[in-house]
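**Student:** Okay, here's the structure, questions in a sec.
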Amino acid sequence: MSLKLYKTSISIFLILLIDQITKYLAIKFLSPDGIVKLLPFLNLVYVENTGTAFGMFKFLGSGFFIIIALVVTGFLVYMYFKDTQNWFIYSLIIAGALGNIIDRLIYGYVIDFIDLHLKNLHWPAFNVADSAISIGIVLFVYKNLKK
């Protein structure tokens with residue numbers, strides 16, 4: 001196994017592990033109607049997201065999202081092997097997609113629990129997998145705009 005493939009595999013595994021552990025803790029310790037205030041701008045909540053990012057497209061059902069996520073993940077794996085220089089960017093996005101696929105396969109929805117807000121303006125709840133995907137996309141766009 002090449003060093004980049006090894007680092008990619010370890011990165012994906014660690015991100016997936018952190019994602020699944022934090023979701024397990026959210027299930028175990030957060031109630032669906034409760035809020036845990038951590039900081040003036042950060043709460044922990046429990047949300048069962050049957051849609052996509054920000055809860056959109058709930059009507060399409062979990063099976064649709066699993067298929068789309070698997071296709072996207074397959075494409076990203078293909079891109080990784082074409083462009084191993086960006087291994088960490090692909091690791092973030094692949095791990096995030098897999099983390100949410102695992103939720104949909106096990107529960108039929110994605111578990112979100114991070115609630116960022118500014119006073120009463122709340123960003124939709126999200127999770128570690130969503131964060132990994134978002135950071136990966138931002139890095140991908142930044143790197144490609146720099147060219």
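Placement of Cβ uses the backbone N, Cα and C atoms for every residue, glycine included.
Grabbed the feature section from Swiss-Prot, which reads as follows:
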type     : residues : note
ACT_SITE : Asp112   : active site
ACT_SITE : Asp130   : active site
TRANSMEM : 10-30    : transmembrane segment
TRANSMEM : 34-54    : transmembrane segment
TRANSMEM : 59-79    : transmembrane segment
TRANSMEM : 87-107   : transmembrane segment
TRANSMEM : 121-141  : transmembrane segment
**Student:** Can you say which of 59-79, 87-107, 121-141 has the most Cβ pairs under 8 Å with the transmembrane segment (10-30)?
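**Tutor:** The stretch with the most contacts is 87-107.
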**Student:** Is it possible to get the count of other C-beta atoms within 10 angstroms of the C-beta of Asp112 (active site)?
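**Tutor:** Other Cβ atoms found within 10 Å: 24.
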**Student:** Are there residues at least six beyond either end of the transmembrane segment (121-141) with Cβ under 8 Å to its Cβ atoms? List them, or say none.
**Tutor:** 15, 18-19, 22-23, 26, 45, 47, 49, 53-55, 86, 88-93, 95-100, 103, 110-115
**Student:** From the Cα of Asp130 (active site) across to the Cα of Asp112 (active site), what is the distance in angstrom?
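**Tutor:** Approximately 9 Å lies between the Cα of Asp112 (active site) and that of Asp130 (active site).
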**Student:** Suppose we draw a 10 Å sphere around the Cβ of Asp130 (active site). How many other Cβ atoms does it contain, all chains included?
**Tutor:** 21
